[in-house]
Structure formats: structure tokens, C-alpha cells
Amino acid sequence: MPTNFTVVPVEDDSSNNGASAAAASAASAAAEESKPVSFDNIFQEAKSVDSIQELHPGDESQRETTPFLISDDDGQISYDGKNMALFEEEMDSTPMVASLLNKLANYTNLTQGVREHEEAEDGNRRAPVVVQSLVRPELYNSPTLSLNILGVILFLRLTWIVGAAGILGSFAIVSMCCICTLLTAISMSAIATNGVVPAGGSYYMISRSLGPEFGGAVGLCFYLGTTFAGSLYILGTIEILLIYIVPTATVFKDNTEDAKNNNMRVYGTCCLLLMALVVFVGVKYVNKLALVFLSCVILSIMATYAGAIKTLIEPPEFSVCLLGNRSLKNEMFEKCAKVEIIKNRTVPTKLWDIFCDSHYPNATCDEYFTLNNLTEIQAIPGLLSGVIKENLWSNYGPARQVIEKQNQPSVPAPTPKTDKEQNYVFSDIATFFTLLVGIYFPSVTGIMAGSNRSGDLRDAQRSIPVGTILAILTSSFIYISFVVLFGACIEGVVLRDKFGESIKRTPVIGVLAWPSPWVIVIGSFFSCCGAGLQSLTGAPRLLQAIARDGIIPFLQVFGHGKANGEPTWALLLTVGICEIGILIASLDDVAPILSMFFLMCYLFVNLACAVQTLLCTPNWRPRFKFYHWTLSFLGMSLSLSLMFICSWYYALVAVVIAGCIYKYIEYRGAVKEWGDGIRGLSLNAARFALIHLEEAPLHTKNWRPQLLVLCKLDSDLAVKHPRLLSFTSQLKAGKGLTIVCSVLEGTYMTHKEDAKTGEQNLKKAMTAEKMKGFSHVVVSSSLRDGFSIMIQSAGLGGMKHNAVLMAWPAGWKQAQDSSARKNFIETVRETTSAHQALLVAKNIDRFPDNQERLKEGTIDVWWIVHDGGLLMLLPFLLMQHKVWRKCRMRIFTVAQMDDNSIQMKKDLETFLYHLRLDAVVEVVEMHDSDISAFTYEKTLMMEQRSQMLKQMQLSRTEREREV
């Protein structure tokens, strides 16, 4: 619609004094000299035009005399010091252009009025919380890279993954995960630079792009993933502590799997409480500790590269003892031999004592020990040893399988296994490709760590894309290079030794590092600690952002926190959920769980970017330009594939959890209008469907009554006949198009508020009757013109009504005013002229409502043949509803005394059979004096219908099939 703009000068008030007043007057003088056209002349002309247009007597509308909110009482229009304010309350706060500039400087991509609407819902105005910018943009890459990406998997599991999957398999695993993460980072960068990203990061991106339902579901799944990531890092910390640093500090001393898990649970719980205390004290301490952890991680990585280079000169002095082709635990012995010569005497070694029942040469030994020789090989042969050929291919195996060296001679023992078997190195779990993908993927989930803490970033739009993509590229290079170096330097049996039992309980990557394995032990320990702290820092903020949005009612308590904004209650819940992961007590079992949640989040981040790009919405203007919808679609497909590759049952559980949260938010959550992409997608789909419907003519098979319900409103603007809406819902059952409209007499300028109120009342009545459709109230000079406009123009494109439903005018015979019956007659004529069906409900207030159940009864149809079968279709539709389900349909037709009524009944029954309707047919014979000429003439058309049925070329077999 056209809009008239009036441009006025914005100047300071003349009452201002001091330097500002002088500057304002100088600027005003300069403006007077420079402007080519006098604004005063324009305004005087506008005033003279307004004075000519006087109000007519009896006109209720008021004409504007000034474009501003406040006009002078004396009739003189003064524009000095006026503000270009759209809302009156802006006049009292910050007048002049400074208000506009201030809002532009503090821009947010929240839609206009959202914050004010949320404050009105809360009942109080939110006090602004000033949060100091703790993370510099240039340092965004460092914590993400070191703590969340280069963490527990790199130092504790990557060597084992290379040993099991081989160099090629590991390269495929790393490549898939890194490509998926890179594509997601590109999509996330586009979303993050399309406006300001407040605290909540990834949740905020998804919810504002795909709507509150998707945002809440994926946000909670991502919160669970981040929380379980904290469990993963804490379990990694305790594994390093109890296996490599202080192995004697175990609470449960038994050398069993249950004792090991119980030790992990006890120490993991203590570590969780300690980390939660650090996070509770303040996030600034986490950021300060991150720099310390970063130094340790960088030192560990440099030590690993230095150790790999050193193998070209001198390999490390670490050896592995093999019995036959089996790898032995070397914690209990120093010399890899059965006997040794001391002072010209042959003395049994400690290995002899381990596998034999006595220290003497004639002792009874384990049969495999007797049949096979001991061999000592280098654990780190080096880059030039050619071990890369042996480690090129995969070596998967079942659980509790002895780790054996390929191409090593061995004599199998025919006797059953004994207790001596515990001296070999076993694989603790079964290994296969999909399992390794699920265990490795958490190592690339750190890209979201910074987005979770986007509220603490000084410039999130610049920090998130640069830091995230640099972190992914750097970590991808490190992981791929480490895969090649591990396969080229380390012996295969050592790579498959997850806990380094064959090399005196030393981390396998630590054996390669230079100058000491303790560099890796300390670096990995601090890396896991830092990653756990970051997870416990990011997860509560994510939950707090979801709770403060109010889309999930039962989470609102977690939106509160300390005075400085720290999420205290959310931290307590995070600690509780994190404890569940610690009670699992297995790093390998927790990793696939959080992989599912992260992959689901990545999937929807890519979906959000693809939808926004394809819709080409005007608001989609990312500063990050290196994105495309095909990349987002590829990332989405890869994320979905990786979910089911890792674990199909975990993937189904994650999808079910997200689906349940989605439905809960849809039915119980708060209504939020964020201008999401799903709504834009629905609008595009609706537009396409409407255009497609209009292009093709409607076929008879697709015909159904599309109703325009003419509803009356009483003096209180309430629905006068609510049973009319009940009857409509029973007739439609939620299918097809239903438009409920009403007309108010008058002008729109004076009755626009009444029209809005009436439309809201119509919607409430439709909701009460569980009726799906559209409502509209039109203000017109007369009821007749209003209903005529609705009959002509209601609907859009192919979605237009084909039938009009209205109530029979009550008391029209006794009414002195003839306007009611005239309006009814004119509405009938308008409907007939529009070639639409007309349904008139008489005594509508006596019709059953939706709560009644008719146990018996009949629906009688006095059939006029030329209606095309509509009268028989309406009872059928009514009987589909539970109110009318137990009723029967009877069809009456009229015949003269000399007509063959029996043949007419048979022909009508045949017609109903072909229409697939069950009804009782009755032929009523009447005298000529009792039947009108019009009715008799139309009834005779039934003979034409009978002839048409006879002309249908149906064979006898086809007729029997129909029967």
C-alpha cells in the first residue's frame, strides 16, 4: 500500500544553552544557506491544502492536521525541535537522531518488539547485565583448538584407532569427521555472521533459524551432548591419573574389570565436584587456566613431532617382549628371556616364575610357554624401518583377544586356557570400523565450544568464523599427520595396546615423544582437565539460554543464577547429568553417546543454513560469504550418515528424544515468533501449491465442499449461533477449506477495533469447537454488500470456497424490518450467480453439538436429481463424524400415480450403488395437485440418469465384480 512520508528538519530546541546550543544554531544557519528549497513554504502549502479539506457533517472520522504526534493548540504548526518518532514513548527517552544512532550501535537480530514483549510477559523490566568481555577475538582459536579438539582422543585413543583400523582406515575416519565438521563450521559461520549472536551460541542459531520447536529439541540434545562431553573428559583425566601417573592410588585393589570401573567412578565423582567448584567461582578463572593448558598441549604436540623426527637418527630404547607371536605385559619382569646366565650358571628369569609352577628347571610350565620362543622387538622401529607397510591395513578383532604380531612364527597350544593367560595383552573390547568412528568423532566436536560462550566474546561475528575454521584446519592437519606418523614409526602390537601394558604402562604416544613420555602424560592430563572445565562452563550457559527463552515451561527455574549472570541452577543440573556419564565408567561407551547428540546438532545447523539460503529471505545477509546451500546439504547428509554409521540404535534413541521434545514444545511450550526459516519454507510451499492448484482444473474425484460460513455476531461481538460452527466441524472433520466470516455495518476507521475483537471471538469459538479454518470480519456500509464481497472474494487462488453455509433467518415473518429477509434473499441470489452451492441450516440452535452422541435416527434427503449428488454427499460426510455415526440415511423421491415407482426405486438404488453410498430408498407417490410443476419436471430427469447407467458398457463379469 502507498505510504506518504513527510521530511522535516531535526534540530535542537532553542531553549538549550551552552556549546550545544551554539553548535545547533550554527548548523541551522548553515542549513538555511545551503538548502535549495524552503521547507516553510512546503509546510504552508500543506497547511492550506489541509484547511480546504473540511470535515463533512456526520462524518465520524477525524482528519490528521499534522504528521506529528503532538500538535500545537493555537493552530500554528511549528516543526522546530520535532522528532521523527514512530512511538510516543520515544519522545520521553532519547529524542533527536541520537536515539536512532544509539539503537543502531547496539544492534541485535532480535525482531522488533521481542524484548519488550518478553518483558511484558515477565511483568517487570529486565535490568541490563553488564558482562565484561573476557575472551579476545584473536584468542578464540586457542582454547577451542587445544582443549576441546586436541584432547582426550588424541592422547589416549588415536594410536589404538590407527592400530585397529590401519593407516587407510584411520585416514578415512579422520577425513569423514573433519569434512563433516568443516562443512558444519562453514554453515555455522554464515548463521553467526547474520546478526549478533548472544549467549547460547548454537542453540540461538538453530532456534532463530528453524523455530522454537526445532531449536528447543536440538538445543536440549546439544546440551546433553556437551554435558556428556564433560563426563568423557573427566573419565580421560582419571584414566591418565590411575594408569600412568599414580597407579597405586586405587581405592579398589582387585585386578578386575569391576574394581577398575569402581575406581573410575570414585575418582571421577571427586574430580567432577572439584571442577564444578572452579566453574562456580567464575568463568574468568577457566579462561586463565586455559592459557596454561594450551601451553601444555602445544608442548606435547611439539614433543611428538620431535620424537618422530628423532627416530630417523636414533629410535627410542623401548622394546616389546613376544612369546611366540603374543604380546606380553612387561610390568613383572625386566629381561625378555626364559633363562639367563649369571656367573656361568643358567638361572631362570622372572618370566620362568610367571609361567612355571616353580623356580627349578624341571618345573611344569605353561604349554604355550614351553612350545614357543621369546622374542624382543623394538616398540618404535622408526620412520625408515618400513613398518608402515604392516600398519597400512586394518586388524579388527573380538573382545578378549590376545594381541598378536602378524608374520611372527608361533606354535599353538592344544590345551585349554589357564590362569597364565592374564600375562598376555588382551583387547578389552571388540573393534570394528563403525565403533571407531563413534569413538573418534568427539575429538572434532570442539567447534561449538566457542559458540556456546558467544556471550563472553567481544566480537562473536568475527571471532566465531575465523577461530572455528582455523581450529578445524589446524586440528585436521595434526590428526592426519599423526595418523601417518604413528603408522610409520610404531610397531603394530604396540599400537593395538590401548593402555601401554606391553611397554611398562606408558602411553603409546608418550613412547614416541621426545625427550620424555612424561611430557605427554602431563600435557594430556591438563588437556583433559581443561576440556572438562570448558564443557562444564558451556553447558550451563546453553541450558540457561533455553530456559530464559521460556519455550520449555519446566526449565524456567534454570534461567536464574547469580547476580553477575552465572547460571547456578543450570550448573547443578549439569553436574547431575554429568555424574550419570561418569557412573558408566568407560570412555569408549560414553563417546558414541555424545557423538549422536553432536551429530544431530550439526545436522540441523547445516539444515538451517541450507533453508535460509534457498529461501533467499531479505534478512539473510551473512558477512561470511564463503558458503553455499550445496555445502550445507552435503554436511547435513554426512552428519545423518555418520549418526547411523556410529550406532544405529543410539541414533534412533537420539531422534526419539529430539522428537519427544519437539512435540512437547509444540503442544505445551510458549508461542514465539522469531521469523524462522521453517515458516518461510511453509510460505513458499503454500505459494507453490496455490499456483499449482490454480493452473489445473479441479477433477470430480477431488471435489469436496469448501465452505464459506456466514456467521452473525451479537451486540457483544460474540458468535450468535455457535452451533453453526459445531455443524461445520461435523461436516468438514478438519478436511478441506473452511472460512468463517462475519460483517459489521459502518466504516472501517470507526469499527476497526470491533472488527479485530470480533475476529478474535470467531477464532476462540472455532478453537472451542475444534474447528480448523480461517476467520475474517469485514466492515461494510451494509450487510448485503459485505456478504456479497465475501462471496466474491473469499479465498486465494485455487483455495476458494465452492459452498456457502448460513443460518435460516429467525423470526423473519414477525419482524417489522424487512432487511433480514431481503438480505437473505439477496445472499441466495448472489450465491446462485456465483455458481456455488448454498446450505441453509434451519433451527440451527437445536442441532447437536460435538459432545453429543446420537444413538439412533435417520438423515432424510428429499432428492432433486439435477444437484449432481451433493444432497447425498452431505449426509455421508456427516455420518463420518462420531456425532452422526450411528444414524441411517434415507432418500426420498417423488413420483406421480401413473409412474412406475418400482422401476424408479430400482434405478435409484443402482445409482446409489455406483456412488458407493448405503441408504434406504423411498419413492413417494403423489397426485398432480400435490406436486408442483417444477419438482415434477426435475424428477423426470431421473429417467435420463437411468438411461445413462444402462449405456455404461459394463460386461457381466464387471457387474458381478461390482456386486
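The backbone N, Cα and C atoms fix where each Cβ goes, and this holds for glycine too.
The feature region 'Disordered' is assigned by TrEMBL to 1-35.
According to TrEMBL, the compositional bias 'Low complexity' annotation covers 19-31.
Positions annotated as transmembrane segment by TrEMBL: 145-167 (among others).
As annotated by TrEMBL, domain 'Amino acid permease/ SLC12A' applies to 147-312 (among others).
Look at TrEMBL and you will find 173-197 (among others) tagged as transmembrane segment. Long-range neighbours of the transmembrane segment (173-197) within the same chain, counting only residues 6 or more positions beyond its ends whose Cβ lies under 8 Å from a Cβ of the stretch, are 107-109, 161, 165, 204-205, 209, 433, 436-437, 440-441, 443-445, 447-448, 451, 454, 460-461, 464-465, 468-469, 472-473, 475-476, 479-480, 483, 599, 602, 605-606, 608-610, 612-613, 619-624, 626-627, 631-632, 634-635, 638-639, 642.
Below 8 angstroms of C-beta separation, residues 151-152, 155-156, 258-260, 262-264, 266-268, 271-272, 275, 442, 499-500, 505-507, 510, 521, 524-525, 528-529, 531-532, 535, 578, 581-582, 585-587, 590-591, 594 of the same chain, each at least six residues beyond the ends of the transmembrane segment (232-252), sit close to that stretch. Annotated transmembrane segment per TrEMBL: 232-252 (among others), in sequence order.
Summarising the annotation, TrEMBL assigns transmembrane segment to 264-283 (among others). Listed as Cβ neighbours of the transmembrane segment (264-283) (distance under 8 Å, sequence separation of 6 or more from its ends, same chain) are residues 134, 230-231, 234-235, 237-239, 241-242, 251, 289, 453, 456, 529, 532-533, 536-537, 540, 566, 568, 571, 575, 578-579, 582-583, 585-586.
Positions annotated as transmembrane segment by TrEMBL: 289-309 (among others).
As annotated by TrEMBL, domain 'Amino acid permease/ SLC12A' applies to 422-708 (among others).
The transmembrane segment annotation in TrEMBL covers 429-449 (among others).
According to TrEMBL, the feature transmembrane segment maps to 469-495 (among others).
Beyond the transmembrane segment (569-587), the same-chain residues lying 6 or more positions past its ends with a Cβ under 8 Å from any Cβ of the stretch are 152, 156-157, 224, 227-228, 230-232, 234-236, 239, 260-262, 264-265, 268-269, 272-273, 276, 279-280, 535-536, 539-541, 543-544, 547, 557-561, 593. The transmembrane segment annotation in TrEMBL covers 569-587 (among others).
What TrEMBL lists as transmembrane segment is 593-615 (among others). Away from its own ends, the transmembrane segment (593-615) comes close to residues 180-181, 183-184, 186-188, 190-191, 194, 202, 205-206, 209-210, 214, 218, 221-222, 224-226, 228-229, 232, 438, 441-442, 445, 448, 581, 627-629, 632-633, 635-636, 639-640, 642-643, 646-647, 650-651, 653-655, 658, 677-678, 680-681, 684 of its chain (Cβ-Cβ under 8 Å, at least six residues beyond either end).
Through the fold, the transmembrane segment (627-651) approaches residues 176-177, 179-180, 183-184, 186-187, 189-190, 434-435, 437-438, 441, 592-593, 595-596, 599-600, 602-603, 606-607, 609-610, 613-614 of its own chain, all at least 6 residues removed from its boundaries and within a Cβ separation under 8 Å. Residues or ranges marked as transmembrane segment in TrEMBL: 627-651 (among others).
The average per-residue pLDDT of the prediction over the domain 'SLC12A transporter C-terminal' (722-839) is 87, rounded to a whole number. According to TrEMBL, the feature domain 'SLC12A transporter C-terminal' maps to 722-839 (among others).
Residue counts for the domain 'SLC12A transporter C-terminal' (840-929) under DSSP (helix as H, G, I; strand as E, B; rest coil) come to 32 helix, 23 strand, 35 coil. What TrEMBL lists as domain 'SLC12A transporter C-terminal' is 840-929 (among others).
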Cβ pairs under 8 Å with the domain 'Amino acid permease/ SLC12A' (422-708): which stretch of 147-312, 722-839, 840-929 has the most?
147-312
DSSP on the domain 'SLC12A transporter C-terminal' (722-839): how many residues come out helix, how many strand, how many coil?
58 helix, 25 strand, 35 coil
